[in-house]
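Worksheet: one structure, shown below.
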Amino acid sequence: MAEIPTSSNPSDDLETQKLNGNEEDYDHHHDEDPESDDENYEYALQIAEMLPFPMVMKTAIELDLLGIIATAGPDRQLSAAEIAAALPAAGNPDAPAMLDRMLYLLATYSVVTCTAVDGGASGGVVRKYGLAPVAKYFVSNKDGVSLGALISLNQGQAFLASWSKLKEAVLEGGIPFNKFHGMEVFHYQGTDPRFNEIFNKAMYDQSTYTIKKIVRRYKGFENIQRLVDVGGGLGHTLRVITSNYPSIKGINFDLPHVIQHAPTIPGVEHVGGDMFESIPNGDAIFMKCLLHDWSDEHCLKILKNCYKALPRKGKVIVVEMNMIEEPQTTPLAKAISQLDVGMMTQSPGGKERTRREFQTLAEAAGFAEFNPVCHVACFWVMEFLK
């Protein structure tokens, strides 16, 4: 842990600066607003000590701490001892104390609520913890999905180890993930079953959550007869779309080794192939969180193949986050920037793009019109019109 510097007599340092002729340093120090300087130091210390939060979140997901609190009922708060009692085979007598310290940290980030009550005969206080509004996204909903798997993926060993190669990648080039593991992330999935399971779960959960919101808000699926989902995985996205628009014939397009595990879905045909070679014909093409995996050069190949597969007036429906051109300090801006640097570290040329960059890609691929339609759960639904 970082040690906060102290001085038995702060004026000694200032007097020494004056005696040594460093009056400029002395005057600068003397003129500082002590309260503002304290706040800056506190923020710097938070940055220096930020690793425990994501790691505690990962452990909370693995232990299902938030799920245990949720099971107790709406607005209920539980003590760390009560939560520890619900853990399987919790034989560690220190578990309640450890959980209390972890949950305290989560409370400082507004992930959980906390109420301190009188400890009675034991003295001190007993803290009870409940779910803050954001916590619902880390507890499985009625569809069995949450963002918990995304935390397990990003804080898992395979991705964490890659960050150790970031400095080397900046100085020498290359992708940190490839440098550490000796292969691209999509190839690595085939060598690590546990990583592959977590990766697929994280993608499925996030996609399930967002596609339902997209279908409710975006009206551009109307009048589509044949919709091709490029990189559609096991077809879950098309399942949601076609269940809301039964007249649509869905074509789930992905690599052959992916679609061979795809389940039978009414109204959906699974087609194997390579999007860099060709894409099945349709009057509309859907791509969600696909372009951000690839470099501009790769994206142009994909989009040009989309253009060839569309009739006149056909469209590509692109769902991606939009990078903000100037950095902001909002939660959304931070989330997108974090994902962007994550893509830089883990993927083969992937990046988050600004709206202007998406428009440039659309025009370079030959599309006549670029139309940002609506914003849904951190994502923009954009149409590239032929």
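From the backbone N, Cα and C atoms, a Cβ is placed for every residue, glycine too.
Residues annotated as S-adenosyl-L-homocysteine binding site in Swiss-Prot, with similarity to another entry given as evidence: Ser207, Gly231, Asp254, Asp274, Lys288. Asp274 (S-adenosyl-L-homocysteine binding site) falls outside any helix or strand according to DSSP and counts as coil.
The local packing around Asp254 (S-adenosyl-L-homocysteine binding site), expressed as other Cβ atoms within 10 Å of its Cβ over all shown chains, amounts to 22. In three-state terms derived from DSSP, Asp254 (S-adenosyl-L-homocysteine binding site) belongs to an extended strand segment. Sequence annotations record features per position, and here Swiss-Prot assigns S-adenosyl-L-methionine binding site to Asp254.
If you look up Swiss-Prot, you'll see His292 marked as active site, proton acceptor. Of all the Cβ atoms in the protein chains shown, 18 others lie within 10 Å of the Cβ of His292 (active site, proton acceptor).
Comparing C-alpha positions, His292 (active site, proton acceptor) sits nearest to Gly231 among the binding-site residues Ser207, Gly231, Asp254, Asp274. DSSP assigns His292 (active site, proton acceptor) to a helix in the three-state reduction. Taking the binding-site residues Ser207, Gly231, Asp274, Lys288 in turn and counting surrounding C-beta atoms within 10 angstroms, the largest count is reached at Lys288.
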